[in-house]
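Working notes, structure below.
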Amino acid sequence: MKKKDTCEIFCYDEEKVNRIQGDLQTVDISGVSQILKAIADENRAKITYALCQDEELCVCDIANILGVTIANASHHLRTLYKQGVVNFRKEGKLALYSLGDEHIRQIMMIALAHKKEVKVNV
């Protein structure tokens, strides 16, 4: 027999609900959501992972790692840059990218560890 994944009656803990609703007003969930959305694209997740493996990569390196055009890699990198996931700098004719900070590396590594532990339905 399959278990229902919903409550069979409607009730809630008013104290918990009020406390958590108040907490939600004090944090930038929308900003967090935007960061996670940026990384959620498979190519951008690959870029993030690649930058976890090497401190700095140029656009050409990333394009070759992903097997995409430089224009496509640049598009994904711009999205990641706008969300603060990656940093960018120019060195001569090279456009070099690195992770925005250690938190991004941690997010990626934790997500990979979590994926190994649970079965994710796609």
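Each residue, glycine too, has its Cβ placed from N, Cα and C.
What Swiss-Prot annotates here:
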{"type": "BINDING", "residues": "CYS7, CYS11, CYS58, CYS60", "note": "Cd(2+) binding site"}
{"type": "DOMAIN", "residues": "24-119", "note": "domain 'HTH arsR-type'"}
{"type": "DNA_BIND", "residues": "59-78", "note": "DNA-binding region"}
{"type": "BINDING", "residues": "ASP101, HIS103, HIS114, GLU117", "note": "Zn(2+) binding site"}
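Taking a C-beta cut-off of under 8 angstroms and a sequence separation of 6 or more, ASP101 (Zn(2+) binding site) has no same-chain neighbours. Of all the binding-site residues listed (CYS7, CYS11, CYS58, CYS60), CYS58 sits in the most crowded Cβ setting, with the most other Cβ atoms within 10 Å. Using DSSP to sort the residues of the DNA-binding region (59-78) gives these counts of helix, strand and coil: 17 helix, 0 strand, 3 coil. Put simply, CYS7 is the one of the binding-site residues CYS7, CYS58, CYS60 whose Cα lies nearest to the Cα of GLU117 (Zn(2+) binding site). There are 12 other Cβ atoms within 10 Å of the Cβ belonging to HIS103 (Zn(2+) binding site). Across the residues of the DNA-binding region (59-78), the predicted structure has a mean pLDDT of 98. According to DSSP, ASP101 (Zn(2+) binding site) sits in a coil region rather than a helix or strand. Under DSSP, CYS58 (Cd(2+) binding site) is assigned to a strand (E or B) in the three-state scheme. Cβ contacts within 10 Å of GLU117 (Zn(2+) binding site), excluding its own Cβ and spanning all protein chains shown: 6. Its Cβ placed at the centre, HIS114 (Zn(2+) binding site) has 10 other Cβ atoms within 10 Å. DSSP assigns HIS114 (Zn(2+) binding site) to a helix in the three-state reduction.
According to DSSP, CYS7 (Cd(2+) binding site) sits in a coil region rather than a helix or strand.
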